[in-house]
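These come from Swiss-Prot:
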| type | residues | note |
| --- | --- | --- |
| SIGNAL | 1-18 | signal peptide |
| DOMAIN | 25-249 | domain 'Peptidase S1' |
| DISULFID | Cys31-Cys163 | disulfide bond |
| CARBOHYD | Asn44 | N-linked glycosylation site |
| DISULFID | Cys50-Cys66 | disulfide bond |
| ACT_SITE | His65 | active site, charge relay system |
| DISULFID | Cys98-Cys256 | disulfide bond |
| CARBOHYD | Asn103 | N-linked glycosylation site |
| ACT_SITE | Asp110 | active site, charge relay system |
| CARBOHYD | Asn121 | N-linked glycosylation site |
| CARBOHYD | Asn122 | N-linked glycosylation site |
| DISULFID | Cys142-Cys210 | disulfide bond |
| CARBOHYD | Asn154 | N-linked glycosylation site |
| CARBOHYD | Asn170 | N-linked glycosylation site |
| DISULFID | Cys174-Cys189 | disulfide bond |
| DISULFID | Cys200-Cys225 | disulfide bond |
| ACT_SITE | Ser204 | active site, charge relay system |
| CARBOHYD | Asn251 | N-linked glycosylation site |
Amino acid sequence: MVLIRVLANLLILQLSYAQKSSELVVGGRPCNINEHRSLVVLFNSSGFLCGGTLINQDWVVTAAHCDSNNFQMIFGVHSKNVPNEDEQRRVPKEKFFCDSNKNYTQWNKDIMLIRLNSPVNNSTHIAPLSLPSSPPIVGSVCRIMGWGTITFPNETYPDVPHCANINLFNYTVCHGAHAGLPATSRTLCAGVLEGGKDTCKGDSGGPLICNGQFQGIVSWGGHPCAQPREPGVYTKVFDHLDWIQNIIAGNTTATCPL
């Protein structure tokens with residue numbers, strides 16, 4: 001069964017309402033404190049919502065299905081229990097979606113661009129991630145990261161984000177694995193065919209990093225997570241690059257590719 005991967009609870013907060021299933025980093029290891037400087041935590045009064053990616057001092061990219069009322073963002077987080085001295089908090093000044101009605105599907109337009117209320121200062125634990133200069137190559141080894149559950153079906157949320165390497169597949173692999181996917185879409189297919197490594201509940205909106213570039217956004221996948229021959233589906237950042245750059249440049253009427 002294919003479900004959108006919305007985030008569970010990070011840090012010490014816990015959601016009190018039902019969420020869509022999201023993906024976690026199952027089968028990974030604790031991230032090095034210096035390798036997730038662009039990783040953002042989105043949360044509201046009910047708890048943690050999603051991950052996100054800082055792309056410059058004023059803008060964050062995450063999944064459209066992570067949108068919620070009155071959410072905040074924390075930058076520079078590593079441990080839930082031991083805050084970094086350089087952690088910073090911001091709120092959205094503006095939110096942009098591919099569709100003015102916030103319409104998106106499991107294979108199209110699951111992306112949200114957030115303008116921050118004030119710039120984030122780069123620091124020891126905070127730095128933006130480069131947007132892609134070219135599309136990723138099938139066969140690439142890519143990095144996933146997040147505070148999502150590291151076990152499934154019983155959920156275990158770690159103190160620090162977990163990271164794992166997964167492989168980028170031809171889209172036809174996901175098309176064959178997940179019922180309902182169209183023959184083509186503006187998404188990436190990534191995982192481990194033998195299973196055991198995957199994003200999962202709590203990781204939605206976070207980055208898929210290939211060769212040091214921000215190539216994908218955690219969107220959705222199989223349920224349970226990390227099953228053999230069921231790679232995850234990630235919004236393809238490169239296909240939305242013109243839209244992102246136009247919005248940042250001030251062209252707020254820019255549209256996403258069809």
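Using the three backbone atoms N, Cα and C, a Cβ is placed for every residue, glycine included.
Feature annotations (Swiss-Prot) mapped to structure.
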residue	record	CB count, 10 Å
Asn44	N-linked glycosylation site	14
Cys50	disulfide bond	33
Cys66	disulfide bond	27
Cys98	disulfide bond	23
Asn122	N-linked glycosylation site	16
Asn154	N-linked glycosylation site	6
Cys189	disulfide bond	26
Cys200	disulfide bond	33
Ser204	active site, charge relay system	35
Asn251	N-linked glycosylation site	12
Position of peak Cβ density within 10 Å, selected from the recorded positions Cys31, Asp110, Cys142, Asn170: Asp110
Three-state secondary structure, which DSSP defines for Asn44 (N-linked glycosylation site): strand
Candidate recorded positions Asn44, Asn122, Asn154, Cys174, pick with smallest Cα gap to His65 (active site, charge relay system): Asn44
For Cys210 (disulfide bond): intrachain residues, at least 6 apart, with Cβ closer than 8 Å: Pro136, Ile137, Ser140, Val141, Cys142, Arg143, Leu168, Gly216
Cα-proximity to Asp110 (active site, charge relay system), 10 Å cut-off, over recorded positions Cys31, Asn154, Cys163, Cys189, Cys200, Cys256: none
Cβ neighbour count (within 10 Å, all chains shown) around Cys174 (disulfide bond): 25
Cβ neighbours within the same chain of Asn103 (N-linked glycosylation site) - under 8 Å, at least six residues apart: Lys109
Segment-level pLDDT (mean, integer) for the domain 'Peptidase S1' (25-249): 94
Euclidean distance between Cα atoms of Cys31 (disulfide bond) and Asn154 (N-linked glycosylation site), Å: 22
Spatially closest candidate among Asn44, Cys50, Cys189, Asn251, the listed recorded positions, to Cys163 (disulfide bond) (Cα to Cα): Cys50
